[in-house]
């Protein structure tokens, strides 16, 4: 039985770092484990131009622990009125590495998102031309579509057509949650990749609803039936090269989760690697963990892999019920549980 696992330092290809006091409280957890992270732009107001994204990057760098080598990889928030030249300039100058498509009202901070993907086709055509990745929250938002079906309907109605119209556009189908999404990505061409969160590998929708409403298991896209969780585990641990680590860590204050209308999002950053490696251990795929965590993402984003290493060891670690993040109480994923792996050297 493997007792230690040494891998290249991973990257997290989907994080929410928030801003101000909460940013300062949560960013150390990501920076401790990961060399780089794709930072979501859905602040209030959202990061819709070069100047705003650059200023946010500066705030993240200022919030890092002293001596940290962590690099935030920034993204642009797309709207119906996004300027094509602003997109091209920010990408060329290295201010952001990708653009994020939120269908309007699909999730937290998406009110300014795109109302119809055809509205931004000229922007997407420019992105295809310059090789800029598009990151997609893949759900429809029609009120008549069941929340558990929104990802599958998005594939059928929007994503399939987009890929046909722009076959060279580099797309990351983020935080996939369904068997349909796993099959779509596996069957697509080399321009399509996906991220998978730790929660969607560990829990199904029962975690939210059995024995009472469990707000800390609520995120968007919501966890689905057990067959979907199993399909995601199969894909993540298969060695498939176009799927990679993206936590979608989404911190919210405890009292905002435990409310009549609680926020969507799971704060998984503090024990992200421990959570992921547990899945690979359970699936007998520890030999494939480095590819998922450290190699596949850089390959898709056309970035070098990290040279330094991180060591994980088989040893119990207790996850606290609550974490004080610079004055904000936040409940982490796996709260109150004991995980079987921990970071030995980072």
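Backbone N, Cα and C define each Cβ position, glycine as well.
Model, not experiment: these values are computed from the prediction.
Feature annotations, courtesy of Swiss-Prot:
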ACT_SITE  248  active site
BINDING   14, 16, 100, 248  Zn(2+) 1 binding site
BINDING   16, 17, 18, 42, 137, 220, 252, 264  substrate binding site
BINDING   100, 137, 175  Zn(2+) 2 binding site
MOD_RES   100  N6-carboxylysine
Alpha-carbon spacing, residue 264 (substrate binding site) to residue 248 (active site), which is rounded to whole Å:
11
Most crowded position, judged by CB atoms within 10 A, among 17, 220, 264 as binding-site residues:
17
DSSP three-state assignment (helix, strand or coil) for residue 42 (substrate binding site):
coil
Determine, to the nearest whole angstrom, how far the Cα atom of residue 17 (substrate binding site) is from the Cα atom of the residue listed as 'active site'.
10
So among 137, 175, 220, 248, 252, all listed as recorded positions, which is physically nearest to residue 16 (Zn(2+) 1 binding site)? Use the C-alpha atoms.
248
What does the structure give for the C-alpha distance between the residue listed as 'active site' and residue 14 (Zn(2+) 1 binding site)? Integer Å is fine.
5
Binding-site residues clustered about residue 220 (substrate binding site) [Cα within 10 Å; pool: 14, 100, 175]:
175
In DSSP terms, helix, strand or coil for residue 100 (Zn(2+) 1 binding site)?
strand
For residue 137 (substrate binding site) and residue 100 (Zn(2+) 1 binding site), what Cα-Cα distance in Å is obtained after rounding to a whole number?
8
Sequence order is fine: just name those binding-site residues in 42, 175, 252 with a Cα within 10 angstroms of residue 14 (Zn(2+) 1 binding site).
175
Nearest to residue 100 (Zn(2+) 1 binding site) in three-dimensional space, by Cα, is which of the binding-site residues 18, 42, 175, 252?
42
Please determine which of the binding-site residues listed here (14, 18, 175, 252) has the lowest count of neighbouring CB atoms within 10 Å.
18
Other residues with Cβ within 8 Å of the Cβ centroid of 14, 16, 100, 248 at the Zn(2+) 1 site?
15, 38, 39, 40, 42, 135, 174, 175, 246, 249, 250
